[in-house]
Amino acid sequence: MLASVLQLPLPLPQGPPCDRRFVPVAYDLPALVQDIKSYLGDSAGIDSSEVDHEYLIGLARKYISNPNDWLRFFYNDPSKNYTRNAIENINRKANILLLVWNPGKGSPIHDHANAHCIMKVLAGELTETVYHPPNVNDESSPLTLKHQKRYQADQVTYISDAIGLHRVHNPSPNQVAVSLHIYTPPNAADDGYHIFDGATGKASFVSQARARSNTEKPAGHA
Ligand SMILES: [Fe+2]
């Protein structure tokens, strides 16, 4: 009472001068992976309808890109449009990948094998072009554009087959782009997926979406 009337400084809290309990801890990539694992749980048989993708999107947004977290998964192959690099394979539940996109290159138009796909840009920029779901009864009509959006570092987008198809590309003429992808369940990797011809809507089956393990990298590669 007396302190407030006279505007005296209040007593300092007791404790060591640099108490690390009060230092905020960064939400790093291992923490994000652990939260995804915890959310998906230990039980088998989870499917796309049981996953609250908004929760996973929230986790992806919470993580702030830090190259120190992901450089060990980074592998660029200039002869390819992009590389797919495994960060974590949560058996039958999810795949977490790091994709490295060469300048001006992109993916084909593809579906997501009845799974959720969350994409977060970690470096550079990526453009996502989304198409309406294909007409399964007519394989000769062109795909129709739904929207196109450019994403900067730390922005997150989400797609599923209910939303449509998409293609992702790096619009930069000279900068590599890097993105984090969460696929759950990992149907494309386990069972295959489809790519599409935009002009005709024709689908082609791809038997497996493969990812490179960082143990496969050439010695000395980042
Ligand atoms: Fe995709």
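In case you wondered, yes, glycine gets a Cβ from its N, Cα and C as well.
What TrEMBL says about this protein:
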type: BINDING; residues: His110, His112, His166; note: Fe cation binding site
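Excluding His110, His112, His166 themselves, the residues of that chain whose CB lies within 8 A of the CB mean position for the Fe cation site are, in sequence, Ser107, Ile109, Asp111, Cys117, Ile159, Asp161, Leu165, Arg167, Tyr193.
For His112 (Fe cation binding site), the same-chain residues lying six or more positions away in sequence with a CB closer than 8 A to its CB are Ile159, Ser160, Asp161, Tyr183, Asn187, Ala188, Tyr193.
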